[in-house]
Amino acid sequence: MSQYRTFTADDAVAYAQQFGGLADPAELVRAEEIGDGNLNLVFKIYDRADRSRVVVKQALPYVRCVGESWPLTLDRARLEAQTLVEHYRHCPQHTVNVIHYDAELAVMVMEDLSSHQIWRGELVKNIPYPQAASQLGYYLAQTLFHTSDFYLHPHKKKEEVARFINPQMCEITEDLFFNEPYIGHEHNAYPAQLEEDVLALRHDDELRIAVASLKHRFFAHAEALLHGDIHSGSVFVAENSLKAIDAEFGYFGPIGFDVGTALGNLLLNYCALPGLLAPREAAAGREQRLLDVKVLWLAFVERFQALAVEKTRDVALAFPGYASAFLHKVWQDSVGYCGTELIRRTVGMSQIADMKTISDEAMRVECIRHAISLGKTLILAAPHVEDIDALLARIRQNG
């Protein structure tokens, strides 16, 4: 059995030589550490021709920028690897390939995606990937349907729920999405000019009850194996290609959480574009983001419904009309969770490049204010927004 140790670059090379799946392992000669290294060590492994061939990722036992006072479970590496393996089984074209993982070392070897770019950075630069929204919708439908009660035998589903219990990472999500933005917390970070806007969130009883309801569903509704953190920074894109990565928050939860998180990141970019681009380009970019929102949702629904007709195994769930009724509830959840993503990314600790990249401070404040306002609107309106066109109308009304 392996004993945990923190990898050096040389360790990563040796591990990739052993488990990278190359015909000639000796071709792998050096490692480059990438990423901020706060939660994980990530190494690109290069061959003699200086081509990146595989990636080695190892979980750290604590948040490095804080220290050992903020410990993290190493089991998240197993959960991430197994989530990606399961999602790859059902959607290999849009999930990073895990070549090997070791639960004791909290390490995995993955395919190299150097030909791709992180989607968030491309959105910030307003670089179009016309296929990305539909591909992400397809990925969500494939992975969430095939790990749900529509497809899995009840006994298998319960076994899978137990296998993917992820309490510590779920607690982080619960705090970041549903607790900290609505209280005075040291993790929160927002411009001082928005103090009144943030205080209004804390003192809005209707909003707090709606957020509590969304949190309760996050606790209680083990509908499918979620990615758990499917934002635009967890997606690689290239021409005609999209790959999901970073699934360490994976667990069985409400389908609308994954869908809403994905939609929320498109809308965060929508809110930020006036601060990132000249007025005419920003207006065109915002229209594209709204189209992306529509395309993502419709791609998800179309594929999920097709799978439900073709593959639903439970006789009750296969009854005509039930899948549509279920997806309507997923829709309402998605709108609500979309709103929580908007607020937690602007009030809470997980700030994003879409907003941080805005150089004009006054414009940045207004873009963040817009995102907070839109998030609140969507959380409160979620039970009443009937379809995607009604959602887009609400967004336009909000500014």
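Placed from the backbone N, Cα and C atoms, the Cβ positions cover glycine too.
Remember, TrEMBL labels are computer predictions, not curated facts.
Of the residues N40, N126, N240, TrEMBL puts just one in the ATP site with K57, E111, D112, L113, D246, A247, E248: N40. Cβ packing within 10 Å was compared across the binding-site residues L113, A247, and the lowest neighbour count falls to L113. Neighbour list (D246 (ATP binding site), Cβ cut-off 8 Å, at least 6 residues apart, same chain): E80, D229, G233, S234. All protein chains shown were included, and the count of other CB atoms within 10 Å of the CB of E248 (ATP binding site) stands at 26.
Remark: K57 (ATP binding site) has N40, L41, V42, F43, A77, V107, M108, M110 as non-local neighbours, by Cβ distance under 8 Å and separation of at least 6 in sequence. E111 (ATP binding site) and R344 (substrate binding site) have their C-alpha atoms 31 Å apart, to the nearest angstrom. Taking the Cα atom of each, L113 (ATP binding site) and R344 (substrate binding site) are about 29 angstrom apart.
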